[in-house]
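Database features, via TrEMBL:
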type: BINDING; residues: Lys40; note: ATP binding site
type: COMPBIAS; residues: 657-690; note: compositional bias 'Acidic residues'
type: COMPBIAS; residues: 693-721; note: compositional bias 'Gly residues'
type: DOMAIN; residues: 11-344; note: domain 'Protein kinase'
type: DOMAIN; residues: 443-509; note: domain 'PASTA'
type: DOMAIN; residues: 510-578; note: domain 'PASTA'
type: REGION; residues: 111-143; note: region 'Disordered'
type: REGION; residues: 474-495; note: region 'Disordered'
type: REGION; residues: 540-569; note: region 'Disordered'
type: REGION; residues: 656-731; note: region 'Disordered'
type: TRANSMEM; residues: 403-424; note: transmembrane segment
Amino acid sequence: MTEDRVLNGRYRIEALIGRGGMADVYRAQDLSLQRTVAVKMLRPDLARDPMFQTRFKREAQSSASLNHPNIVGVYDTGSAEVDENGQTQVKTPFIVMEYVDGVTLRHILHGTPSQESAPPEPGEDATAQADPVSGEHTRPMDSDILGVADEDATQAVPHVNEPLQEKIDTALGRPLTEQDAAGYMSGVLAALSYSHDRGIVHRDIKPSNVMISNAGDVKVMDFGIARALADSAQTMTQTSAVVGTAQYLSPEQARGELVDHRSDLYSAGCVLFELLTNRPPFTGDSPVSVAYQHVREEPPRVSDFNREVSPAMESVVAKALTKDPALRFQTAEEFDTALYHALQGIPVEDAAATAAMAAVGGGGAGFDDLVHGAAPGQLSARTPEDAEYEEYREERPARRNRTGLYVLVVILALVLVGLLIFLFSQIFGGDDGDDGDDTAVEAEEMVTISDVSGMPQAEAEAALREVGLEPNVEAQEDDEVEPGHAIGTDPAAGEEIESGSEVTLFISEGPDETLVPENLVGMSLDEATAAIEDAGLSVGTVSEEDHESAPADEVTASSPEPGAELQPGDEVSLTVSTGEVELPGAIDNYVGQWRNMGEEYLVSEGFELAPEPLWVETENIESSGELIGYEVNGESVSGGDRIPNDAVIQIVAGYLPEEEEEDEDYEDSDEEDEDNGDSDEEEDEEDEDSGNGNNGNGNGNGNGNNGNGNGNGNGNNGNGNGNNDDAEDEE
């Protein structure tokens, strides 16, 4: 094939950038999103295993859900037909990953300095090879360049920027500083914390699975690959006893037990040890001997290899490498916090006790499962990591007594004898491994976990102890199981584990409590109903109340109040506004009084008034300015009436009509004036001489009571400026 091969019509293969015993990694171009990606493809020989194919795809899809800045992102999965040996095609799964420019921690610790090329390991083929995907002939490359973390990967020099190359040159062959080691581990632990929270255990944490980008970012990769390996009869051991790389195995992994997130924390402790000492905690001639040390031997002290490491940092390593998972760090966050404190000189609490427990912690009878379950030749294979480190043969400190050394030699001899017997029987036609009794150590007794679901807590604990297991009770909310009764166990019922193992027993606390939603007050009734139902609750009684400002159907109160804890399905009662208020009856008491008194009362009660009163002419008042009533929207209202709570009240005030000067007396005077016009004229003349008389015009100061004295002089009682007495005589 050519290097222009396009996988699934989307990923154009550009170059082979990594090769290992399990997978090959290519730089590729995503033609759809126009970005550079890395494509990891299984080797065709492994792809022939249907179980491996299925589990690999499932785990790849699971790891694709991990979206974290410290985890190499998985973008896509697929499969393609790939040539095997140029003759047949095999449907091979692949994973599309984030492309990272940089190197692994392993390369920083043990890689090559600038301008130098690493020679191939002894026995490796450094000649060009025909790649089954791209078709190009290329030399095998370093698995550390981009995620091919397989034990038989060959070496090449990655392309890194100058700052990162300087760091490699500085660290090469020497331990890292505490600050650098803690910085790298903080990124690893952040990735583990994220994956553990989502129920994913890496199971293969090691320096070659930790990328350092040119920008200095820490990226953990290969999530789920180790788990896929556990299902293949062609990999590791027949019983899946060992999953991972020997130098970084947890004791429970080495014994073939079920593992949880704390196994990753042990492996992270091994990586931290190596960063501080430039060597893993345990080394040996074979994976078997290294795994045995993880199970049985006390880890060496960091200060034995690097005297510059502080006691505080050494206490962190000691706790991380404790044999018993219960005595290690329980979470990645706890581990990271301890690193932060160590940089400040604060040691882990009870570090000395932790180190002492490391010698005896996890027992070790289960280590024999590793020996019995191994297929011929698998555990004795020497990996690049094994060959990479020279055997450390410094003399043991004098504090270790000779008796312990003798015991260790005897135990190792027994293990080697057992291994030789097993291999001999396999090679020369034995009974396919059924002669386990010929080995030096017998396997630990296995028991089946009882099904305790639904039992009261006391009965469930007793049932587990009866079969030789130790329950560790953990409370958990559950909507279906009655409080105080067992939900189940971890590991699950029916699984087989070693007698004496700890089993997590989940006890129901009852349904998960839910809270009455906040901010119900101010919502409309429909909005509040939706919020309550979204919270898993139901709406109870809905009552109405008058409210001074809330519009109709707006929630003014809830019972219980927002934030109260309820069980799912419980009712929340609501009170909503009518949008109206009732006028107080006291307003009627101010009718007939001065209008200002009524206005002041309504304002004090919170009502809004029109800026000016409505004036109405009326004779039914004693004086102008009296309050005669109230109006809302042009309609008369009084005390007890209901009005909108945003209504404006109009004050109605009265004023008296103007005084009129016409009455019956005035009309009589007019008639007399018409009949006696002449005499009036004479009188008028007299009036002019002596003043304004009865019938004068009143042009002086004399005005009639009921007339203006116009024309014919209608003023009866006019007062003249002249002689008023004459006017009275005329009348």
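Numbering starts at 1 and runs along the chain as displayed.
Every residue, even glycine, has its Cβ placed from backbone N, Cα and C.
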Neighbouring C-beta atoms (10 Å sphere around the C-beta of the residue listed as 'ATP binding site'): 25
Helix-strand-coil residue split for the domain 'PASTA' (443-509), DSSP-based: 10 helix, 27 strand, 30 coil
Assigned element (helix, strand, coil) containing Lys40 (ATP binding site), judged by DSSP: strand
PLDDT averaged over the residues of the domain 'PASTA' (510-578): 90
